[in-house]
Every structure is written in C-alpha cells, then in structure tokens.
Amino acid sequence: MRSGAQIDVVSSKHGTALHAAASGGHTDVVQILVRAGAQIDLVAGHHGTALQAAAYRGHTEIVQILVRAGAQIDLIASHHGTALQAAASWGHTETVQMLISAGAHIDMVSGKHGTAVHAAASEGHIDIIQILISAGAQIDLVSGENGTALHAAASGGHIETVRILISAGAQIDLVAGIFGTALHAAASGGDIETVQILISAGAQIDLVAGIFGTALHAAASEGHIDIIQILISAGAQIDLVSGENGTALYAAASGGHIETVQILISAGAQIDMVSGKHGTALHAAASEGHTDIVQILVRAGAQIDLIASHHGTALQAAAYRGHTDVVQILISAGAQIDLVSSEHSTALHAAASWGHIETIQMLISAGAQIDVASGKHGTALHAAASEGHIDIVQMLISAQAQIDLISSENGTALQVAAYMGHTDTVQMLISAGAQINLVAGYYGTALHAAASGGHTDIVQILVNAGAQIDLVAGDYGTVLHVAASMGNTDMVHILISAGSQIDLVAGLFGTALHAALWYGHTETVQILLTAGAQSSVHNPN
C-alpha cells in the first residue's frame, strides 16, 4: 500500500482485497483496508460485498467491523441476497444475532431462498429459525419456488424445523410455491415423518394444489410407497382427478412405479378412469413403455381397446412410441390390431408414421391389415412415404401394400413423397412400379406435387422417369403453370428444356406466362418470353 497499490482492484473469485480478507477471516487486514479507504459496499466476486462474504463464512467480528464502518447491512447482491440471508443459510447463529442487533431487515425478500427464515428453514437450522421468529420474522411470508418457510422445511425433510414452525403458528394448508402445500412438498420429497406430523397437525389430505394435484398424486408420481399407504390410511381419495396426471393410479403408471400401481389397485383404484393427457393408466403405461405395469393392469382387468386421448387405444399409444414389447403384450391379451381411432388411425399407421420398424414387423406378423385407409395420411404406406421412412416403405411393399392406392388429399404414396421432398422414397417407389402419371389428390400427378412442394430435384427425377410434362391436373394446369406461379426459375428452365408447351392454356390463370405475371415473378416472365411465350395468348379467366 505504501508503494501505491490500488486498494479496490477487482481480481480473483473473491473480488477486491477487502473481499478476500473478509472471506478469509483476517480481522486485522480488514481494519487496515477500511482505514486506508477501501470501498466497503463494492459488489464483486461470487459473494457480493465484503459484508456478505464475511456473513457467508460466519466471521462475526469482521461483520461487526464492516457494519460500524458504514456497510449497508441490507444491500442485496449474490445468490444469497443480503448478509442476513447468507448467514442464515449457512447456520452462523452469532452472525445472525449480530446483524439483527445492528438493524438488519428480517423479512427482506431476495436471493435464491426468499427471506432469512426461508434460508434457515431450507437448511434446517433450528436455532436460527427460533432467533428469527423471536425477532418478529413473518412465518407465512411467501417467497421463492418453495412458498413459505414451512414448505421449504417440509420439502427438505427437516422434521424438527417443521415442528417448530407449526408450534409457532405457521399455516399448514397455505398454498404457495411449485408443490402446493407443505404436505404436498413432503409427499413429493418422500419424507414419511414430516407427512405424519403434518397430517397429525390437521393438514387437508385431499387439497388440490401445485404441479401434482393432491398429496397422494405427488407421492404416486414419485413412487413413495410408504407415504401412499399413510395417505390412504388417513382417508385420501384414491380416484380424485387433478393435476396433469389425472388420478394417482395414472401418475404411478406414467412414472413406471410398479409397487405403487399394485398398492393403488389393491386399495380399489378405478383402473379404467380416463384422466391425464394419455387417457387411462393403461394408456399412460403403454405410451411410456412400462411393460411390467401394462401386464399388471391387463391382469387386473383393464379395458384394452378403450379409446381415449389423441393416441386412441393403448395399442396405438404403444405403436406410436415404438414400444414393441408392449404392443406384443396387448395383442396377446386380445387388443384389436386394426381398430381405427386417433389422428394416426390404426396401430400400423402410428408405427409407420414415426418410423418404428420392429413394431411394424411385429404388427404385420400379427396380421395387421396393411391397406386400411383412414386418418390424416391414408394408408400406412402413405404415412411412411409422407415422413420419408424408406425402410418402412420397402417393408410395406414387400408385405404386398398397394403402391397406387389413392387415399387422402395427397393422392398416392408417390405423390405424398414427391410433395414432401423425400427423394430416396420417390426413387424407391418408382423402382417398385408406382404409376408416375396417375392423377389423384389435391395436386394432380406426382410431378405436380413435387412442383407444388418446390422440389426441383424430384421434378427432374420424375421427368427422367417418363412423367408427362404437359398433363393438365389440379388447380393450376400443367407443371409449368405451377412452377411459373411459384416463380421457381430453375424448375421453369428444366421443364422448358424437357419440351413443355409454353403457351398451353389451362388452370386458373391461362398460360404459364399469365401465372407468372399474376404473381409478379419478373424473372420467370423474362425466361418464358425468351423461350418464345406469346404475350398475346388470350386468358380465358
């Protein structure tokens, strides 16, 4: 310092020299730096201020020195918040007492915990909680993701802290934070004794709140068997529907908790109750691939073909996710393979759409009808072609799927693949004998579909394969009309080079030139004129 060192230079994880001395508990050095004019409230390092660094480490004497030197006691910095919150979080009783005596704001809300009492409750520091309560801390102040101090203590499984807070008058059923009530928090965390204490203190067992629903839902979602049994014995409603999971049985089935499912069924849970995003507990287990739970539910009498949710049946849910073992179990149990429901139609459609080869092989082996036409795609072949699953397309063709079957607004599988831009699938379907010039669906031919999708490479493939360039179909007319209306200059060049009739009148606009002019595609207009398009051709529309 005599040589002119700068006192407040920030360096290292601690911040300044004052931060480092305060954090390290070097009282004499702190006094020297303060007398030399160090900025006491400078925020730097991961602790915040020098006061917070000292409080965090429990250096009470340094805290006292800094406070006397004018440090702002309630300054908020770092993830702990204030100096009081830092000391409370780390269990430094003397430091907490000193800060309170110096006038620290007890209920200041900041940092990751909320207030000082939240911080102490989260860590189970009983002595500090008692000090804070005696100093007038608000017990039920809501802050942070945990809610109140009771929520924080219950979530962390701090039994004695829970008892102290209840004795001090904490509201047991106050709803706050992500869990709901303190009982929800304890049930989710799996703390048996805390759950028992809260129930004995009068907590409402079936109160619906938080991300789970009831406390039973919370315990079921996490698979806490002992807590589930305690809650059921205490009178919890087993089939109450709430939260994103619906029932407790659904929550347990979705989470893959085998013993929990068995306990709930034994306790009388309704197996086929429809709730949650998937439908029933069987739908949930099938969708998540929980084989053992599917078997338990089937043996317990679950309706296998019940239609619920966007998947349809449990079989369709399993096929959609590619859970082949579950698909096999359900078929063996009598599930209708070709039942049509949901946006995907049959189980085969669902598996084909999402590219699950093993599931498709299993379904075909089990006798699934390959050419059932329904749902948003049409047939399973349409579904696979739409997504570009070439291996599945080959598998279905080998299993005698009708290549040129017309279904859905897209027409044939070739037209679907062409529109979606799946080059390999298009080439494979052509090699397998798909009719290139078949007119169907919204677009017309496969060539029209490829042009409408803007896939120049597929247009070239189809032209090379013998597609009729000037075939009139769809709203626009020929493929040249489509390309011109879209302003696709590369495609227009290809079609003109392939011999397309430039002045052919068809579709909504008349000629390709009319179409390009209508949409304002100047470059396309120039290409067509250069190629000999007649501007005098009459537009009938």
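Any Cβ shown, glycine's included, is placed from N, Cα and C.
Listed in TrEMBL:
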REPEAT    13-45  repeat 'ANK'
REPEAT    46-78  repeat 'ANK'
REPEAT    79-111  repeat 'ANK'
REPEAT    112-144  repeat 'ANK'
REPEAT    181-210  repeat 'ANK'
REPEAT    244-276  repeat 'ANK'
REPEAT    310-342  repeat 'ANK'
REPEAT    343-375  repeat 'ANK'
REPEAT    376-408  repeat 'ANK'
REPEAT    409-441  repeat 'ANK'
REPEAT    442-474  repeat 'ANK'
REPEAT    475-507  repeat 'ANK'
Non-local residues, at least 6 beyond the ends, that sit with Cβ under 8 Å of the repeat 'ANK' (181-210): 146-148, 150-151, 153-159, 162-163, 166, 170, 172-175, 216, 218-219, 221-222, 224, 226-227, 230-231, 234-237, 240, 242-243
Long-range neighbours of the repeat 'ANK' (112-144), counting only residues six or more past its ends (CB under 8 A): 79-82, 84-91, 93, 96-97, 100, 106, 150, 152-153, 155-156, 158, 160-161, 164-165, 168-171, 174, 176-177
Cβ contacts under 8 Å made by the repeat 'ANK' (46-78) with residues that lie 6+ beyond its boundaries: 13-16, 18-19, 21-25, 27, 30-31, 34, 38, 40, 84, 86-87, 90-92, 94-95, 98-99, 102-105, 108, 110-111
For the repeat 'ANK' (376-408), residues assigned helix / strand / coil by DSSP: 17 helix, 1 strand, 15 coil
DSSP helix/strand/coil residue counts for the repeat 'ANK' (46-78): 17 helix, 2 strand, 14 coil
Within-chain partners of the repeat 'ANK' (244-276) [C-beta distance under 8 Å, separation at least 6 from its ends]: 211-214, 216-217, 219-225, 228-229, 232, 238, 282, 284-285, 287-288, 290, 292-293, 296-297, 300-303, 306, 308-309
